[in-house]
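Taken from Swiss-Prot, the feature Zn(2+) binding site applies to C24, C27, C40, C43, supported by sequence analysis.
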Amino acid sequence: MAKKSLIAKAKRTPKFGVRTYNRCPICGRPRAYLRKFGICRICFRSMALKGELPGVVKSSW
């Protein structure tokens, strides 16, 4: 889990807009962020397997 100070720092508006970065609102992870869903890949996988994300199905071929 991310440090609380880093999560709070990411919520503030930076001096320059380029410095803005996305964090997962559930766990605070800054990497592997999926913009379409607004969460990280780990939270996405767990929520998709639980069926909490509508329209997401596990693929098989």
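Just so you know, the numbers here start at 1 and follow the chain as drawn.
Glycine too: its Cβ is placed from the backbone N, Cα and C atoms.
Shown on the structure are the features that Swiss-Prot records.
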{"residue": "C24", "record": "Zn(2+) binding site", "Cβ neighbours (10 Å)": "22"}
{"residue": "C27", "record": "Zn(2+) binding site", "Cβ neighbours (10 Å)": "14"}
{"residue": "C40", "record": "Zn(2+) binding site", "Cβ neighbours (10 Å)": "21"}
{"residue": "C43", "record": "Zn(2+) binding site", "Cβ neighbours (10 Å)": "20"}
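Take the mean position of the Cβ atoms of C24, C27, C40, C43, the recorded Zn(2+) site; other residues of that chain with a Cβ within 8 Å of it are P25, I26, G28, R29, Y33, I39, R41, I42, F44. DSSP assigns C43 (Zn(2+) binding site) to a helix in the three-state reduction.
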